[in-house]
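Report on one structure; see the data block that follows.
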Amino acid sequence: MNPSGISTLDRAAVDASRTGAQSQRIALIDYAKGIGIFLVVLGHVLRGLDGSVLQENALTQALDQWIYAFHMPLFFFLSGYLAERSVSKPLSTLVSSKLRAIAYPYFLWSVIQETLRHLAGISDQPLSSLWRIMYLPILQFWFLYVLFAVSLVYLLLRKLKVPAAVCFAGFALLFASEFIDLSLGPWPVLYMIRLNAVYFGLGAIASRVDWVGQIQRVQHSILLPSAFFGFSLIALAAIVNLTRLELWLFPLAVLGIFASLSLAAYLDTVQRFSVLQTWGLRSLEIFVAHTIFTAAARIVLQTGLHIHQPVIHIIVGTAVGLGASLWLYRLCMQLRLPYLFRLQSASAS
């Protein structure tokens, strides 16, 4: 790791993201993904601590609500933004890309993680039922399953010449059906899609109007206060439990997305905390692997070292979840074993 926080293996990708104004906005997105994946790991570390380490209180509840108010909507937004930029490609190319980059790691890591949970004796499901991941995602992998489904639906609609605005309107109506408790049947995935597709559609609209580019052009002296203001409003909403009300789900998520993009634009402009960009570049790898490492860190601290201080668990667990996942990725690259995280295309070197 060099002083800037970016390894040699990631340097080429970072340098490529800094050529031209359009690519600079991609660098901003990498920073935003880095913010998002940090919150994913932190949120899972917090929820993984039992009562012997961290007693639930008003502060931990507010922090949990603050994180979950916007961190997954942020990823759907960014995915929609990038999807709209790629709609000119052939449908076969787009589907192939989603199969290799989303479906493949979904199945592989669902099997890996559930097998490890079974061997550790903490899984409540027999391995013989693992085939159900075909239609019922487990643990954090619901995100990849839902993202794959929403991406395919959106790209197919766009190939059928349905405008992005109409797609967003459809996703928004689906989201609104949550308010009247409209039943979508027994398949739980449909309810996950209902709550998240709207942010994917919003990201696509943002791509059409170059919203990210407009944020990039804002004076950096304004970006940081804007991010702080947005995050503070969400914190206030979490403290007074507005985040638990369905009516506030969308506006708080959008506020969090805007605040995250503002912070990402500021960091990209001033060239600070570039480790966030590395996390963003490798957000998929961190996402699929981090819970294995955070669980291992928790067991070592709690059982092996008899450490029960929550601050130590949170710091160490988050650092290990991020760092060990990156280490595993880089080890695979050095050993020329790229297939642990995504299926390479035939043309990939």
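Glycine residues also receive a Cβ, built from the backbone N, Cα and C atoms like all the rest.
What TrEMBL says about this one:
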DOMAIN    29-330  domain 'Acyltransferase 3'
TRANSMEM  28-46  transmembrane segment
TRANSMEM  66-83  transmembrane segment
TRANSMEM  132-157  transmembrane segment
TRANSMEM  164-184  transmembrane segment
TRANSMEM  190-209  transmembrane segment
TRANSMEM  221-242  transmembrane segment
TRANSMEM  248-267  transmembrane segment
TRANSMEM  279-301  transmembrane segment
TRANSMEM  307-329  transmembrane segment
For the transmembrane segment (307-329), sequence-distant contacts whose Cβ falls under 8 Å of one of its Cβ atoms, 6 or more beyond its ends | 7, 37-38, 41-42, 44-46, 48-49, 52-54, 278-279, 282, 285-286, 289-291, 293-294, 296-298, 301, 340-341
Taking pairs 6 or more apart in sequence, does the count of Cβ pairs under 8 Å between the transmembrane segment (190-209) and the transmembrane segment (66-83) hit 3 or more?
-> yes
Lying 6 or more residues past either end of the transmembrane segment (279-301) yet within Cβ distance under 8 Å of it, the residues of that chain are 10, 13-14, 29-38, 40-41, 44-45, 48-49, 53, 75, 101, 105, 109, 112-113, 116, 139-141, 143-144, 307, 312-313, 316-318, 320-322, 324-326, 328-329, 341-342
